[in-house]
Amino acid sequence: MNTLSQAIKAYNSNDYELALKLFEKSAETYGRKIVEFQIIKCKEKLSTNSYVSEDKKNSVCDSSLDIATQLLLSNVKKLTLSESEKNSLKNKWKSITGKKSENAEIRKVELVPKDFPKDLVLAPLPDHVNDFTWYKNRKKSLGIKPVNKNIGLSIIIPTFNRSRILDITLACLVNQKTNYPFEVVVADDGSKENLLTIVQKYEQKLDIKYVRQKDYGYQLCAVRNLGLRTAKYDFVSILDCDMAPQQLWVHSYLTELLEDNDIVLIGPRKYVDTHNITAEQFLNDPYLIESLPETATNNNPSITSKGNISLDWRLEHFKKTDNLRLCDSPFRYFSCGNVAFSKEWLNKVGWFDEEFNHWGGEDVEFGYRLFAKGCFFRVIDGGMAYHQEPPGKENETDREAGKSITLKIVKEKVPYIYRKLLPIEDSHIHRIPLVSIYIPAYNCANYIQRCVDSALNQTVVDLEVCICNDGSTDNTLEVINKLYGNNPRVRIMSKPNGGIASASNAAVSFAKGYYIGQLDSDDYLEPDAVELCLKEFLKDKTLACVYTTNRNVNPDGSLIANGYNWPEFSREKLTTAMIAHHFRMFTIRAWHLTDGFNEKIENAVDYDMFLKLSEVGKFKHLNKICYNRVLHGDNTSIKNLDTQKKNHFVVVNQSLNRQRVSNYNYDEFDNLDESRKYIFNKTADYQEEIDILKDIKIVQRKDAKVAISIFYPNRLDGLVKKLNNIIEYNKNVLIIVLHIDKNHLTSDIKKEILEFHNKNQINILLNNDVSYYTNNRLIKTKAHLSNMNKLRQLNLNLEYIIFDNHDSLFIKNDSYNHIKKYDIGMNFSSLTNDWINKINAHSPFKNLIKKYFNDNDLKTINMKGASQGMFIKYTLAHDIATIMKEVITLCQSTDSVPEYNTEDIWFQFALLILEKKTGHVFNKTSTLTYMPWERKLQWTNEQIESAKRGENIPVNKFIINSITL
């Protein structure tokens, strides 16, 4: 291994003294500029005195080690034990870890507190751990935008010989269609062939560099790192020399990366044979690479075949997981022959691990570090590249043999997914543990041994303990070093005092595990605490946090009382009270998706942290008493109650603000310091957000006599496009009433609506009177009735109201001349058996039908039809609404909830009642909406254009459904 590789290995192992010496030595060989950044980082680490040199742990004394550590070292011959000694230790360990956590008392509770506002909607959670769509929307909501200084793509092409194939790949890069700048860095791993000649051939066609290292054998990671250090742009791509990119490859990668620089992009691949084609042919025909037939390969040990061609083995998984969005371990599909990402991630996770000096595994290990630090992975079709198969269909790398070597390294360094829970007899100390228990320690010399020992004496042994001494003024650090300084499962750091939040951030950052457990320095765990939580994580990879409950004990361990236990988790309850008590474990990935512990507050630090975690992933609560909370009078949780209370309400409101909940404040109910009674108060600007046109006078237009009522079910995407579509085809519209979820009413959308109003002089009324927590079978009907009530308050001179759909599209001009021929446009059809069964199960409505029609046979009554595109004379609409309100009141009085879509039947029912009461049969026709049998499919642009021309659309139809606007 060369000096630079040794330096990187030492740095990644936290041996910064050795790393600094080796980087200084590397500077003599490679030049100061190449390693200057690493030298600075080493000096920063050393100056903080926040680590313990690995040299101090070389000498292992078995007498000072916990039992599990002795057994683990013995399993791999690093500690010599006789068989009797080993059996004795096993029996002691089983005795120590044999105690099981007690069940906590469970009581029935409301999952959502009764006083939690119905219209307070918390931000959505991701569908899975790699939900890049959720993350992108979250950053947009928080106003987080990427800051790029040097936009462009640096393409790193590692190569060893294979000049002919490299020639073709460079030719395909010449053919790129993009306005973005890019450079090519050919990184040579000591080739015997003269690659410089190939590179010089393209100096006039590409911005190209050539860097080379001596042939030390298979050093793919080292040569990748060499190329990456040479890169000048903010974004980098790694492209194997045999991967020929399609023409929009650069453009596709950069377009996505500029939108989100916290994502790794992965390109799929196809296998082609180019050995009878020259680079000049590709230069002369940019489409040639994409036109080649797919072929078979013997290169990849994991290849999938279909007939006579080989397929990218990842394609099926890409399809199943929505391009990895729903994948629990996307780094396993991070094949570095064709990827792109922001260069700043190298500063966050480090470089490729140069210990991998055989084929395979290095990309998985690097990808895992990206994943653990909070990076997202996404496959894009625009990243397609064509794998050029060498003559004979095999290359010079012995891949199968290499994989057998590197897989062992992967299992040592990638605990998540690649690690199983094993009995202690079959376990050893891994270089990267599965679990880290972190302990912030300050002046706790009297308690720290019991605390640390409880973490080491867990039934799960794939575990480390990370202790951060936060500038203790007693002998805490001395005790820790004496007891655990030589323990390979304990890592110790020390820093100047900064408070519990600072120590927690330092300790979690110091931890190596994927699953992180929190333990206060004066408390201690039950032996199965980690195992109970870990099993939940392993069952459900979408969990961000698992927590148990605790008991309060005296310093001597005697019971005071069991701790407070809320038996079931809900985000709404956590928003009102800290229910996520010790013992708590979370994933390091989830933690990195937050900004960590808040070092600006002294109390409510944990509450703030777990509110943040609850915003990025699911929680699971276990009703087990796994944690012993020692009360000795100096606990931070029972001191400074006034500050605690203040910060309690501060952190909840900060959580609501992060989730863009702007209509409520979480306020204290009384002035008692020990009280956490609360009240949700509506914010002062709440009505201003909704009634954005309150200061704008209604614009009266002589020929405008139509109102349109629309219900938006959730997001307001495409709202302004919808408004423009309405007025383009309907010149007689006076006002549009939108029932919306105000949580999606952003300042940008409000601005667009105001601009629309000012430009077109069309009145817009926003309404949100109906709670979006209402049963979804009734909500749309209530929303339209509420819209009509808002209109009535304005006393407008209207002739008709149209009930439009948020995702429909007008396609023909002048619906007004059509609808004014009729009183009402509704669809009337017979009820299916499914509808009849649901109505019969809804006794209030069934009784009304019997009352007015004296007929139990619902098949004889035609009153079913989609409400989209329905229109009614304005005066009749209010009569119909009055009847419908009576139906709703009756349902509410009996607390009976319908199981059918009321908007598709209650309008028709009310009209039939009105005709029966008045004895007048109104002039009726069908709705304005055309909904073909394939209505659940989205309309294509071609279908829309065809519909605008009136092709295949009935002459009396003016709206089509459903459109993505």
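The backbone N, Cα and C atoms fix where each Cβ goes, glycine too.
Residues or ranges marked as region 'Galactosaminyltransferase' by Swiss-Prot: 132-418.
Annotation source Swiss-Prot lists UDP-N-acetyl-alpha-D-galactosamine binding site at PRO158, ARG162, ASP189, TYR218, ARG224, ASP240, CYS241, GLU362, ASP363, citing similarity to another entry. Long-range Cβ contacts of ASP363 (UDP-N-acetyl-alpha-D-galactosamine binding site) within its own chain (separation 6+, distance under 8 Å): PHE334, SER335, CYS336, VAL339.
All protein chains considered, the CB of HIS387 (Mn(2+) 1 binding site) has 23 other CB atoms within 10 Å. Here Swiss-Prot flags ASP242, HIS387 as Mn(2+) 1 binding site.
For 419-683, the entry in Swiss-Prot reads region 'Glucuronosyltransferase'.
Cβ neighbour count for GLN518 (UDP-alpha-D-glucuronate binding site): 23 (other Cβ atoms within 10 Å of its Cβ, all protein chains included). Secondary structure at GLN518 (UDP-alpha-D-glucuronate binding site), taken from DSSP and collapsed to helix, strand or coil, is strand. According to Swiss-Prot, the UDP-alpha-D-glucuronate binding site annotation covers TYR442, ASP470, GLN518, LEU519, ASP520, SER521, HIS582, ALA604, VAL605.
Secondary structure from DSSP puts HIS632 (Mn(2+) 2 binding site) in coil. Its Cβ placed at the centre, HIS632 (Mn(2+) 2 binding site) has 12 other Cβ atoms within 10 Å. Sequence annotations record features per position, and here Swiss-Prot assigns Mn(2+) 2 binding site to ASP522, HIS632 based on similarity to another entry.
Listed in sequence order, ILE439, PRO440, CYS451, HIS582, ARG629 are the same-chain residues six or more apart from ASP520 (UDP-alpha-D-glucuronate binding site) with CB atoms under 8 A from its CB. In sequence order, ILE500, ALA501, SER504, PHE597, ASN598 make up the list of same-chain residues 6 or more apart from VAL605 (UDP-alpha-D-glucuronate binding site) whose Cβ falls under 8 Å from its Cβ. Here the C-alpha separation of ARG224 (UDP-N-acetyl-alpha-D-galactosamine binding site) and ASP242 (Mn(2+) 1 binding site) works out to 15 Å.
According to DSSP, ASP189 (UDP-N-acetyl-alpha-D-galactosamine binding site) is assigned to coil rather than to any helix or strand. ASP242 (Mn(2+) 1 binding site) falls within neither a helix nor a strand when secondary structure is assigned with DSSP, and so counts as coil. Proximity of TYR442 (UDP-alpha-D-glucuronate binding site) to non-local residues of its own chain (separation of 6 or more, Cβ distance below 8 Å) is seen for ASN469, ASP470, GLY471, SER472, THR476, ASN497, ILE500, ALA503, SER521, given in sequence order. Here the Cβ of ARG224 (UDP-N-acetyl-alpha-D-galactosamine binding site) has 24 other Cβ atoms within 10 Å, regardless of which shown protein chain they belong to. Our reading of the UDP-alpha-D-glucuronate binding annotation (TYR442, ASP470, GLN518, LEU519, ASP520, SER521, HIS582, ALA604, VAL605) yields a largest Cα to Cα distance of 21 angstrom. Each residue contributes its Cα atom, and for HIS387 (Mn(2+) 1 binding site) and GLN518 (UDP-alpha-D-glucuronate binding site) these two points are 47 Å apart.
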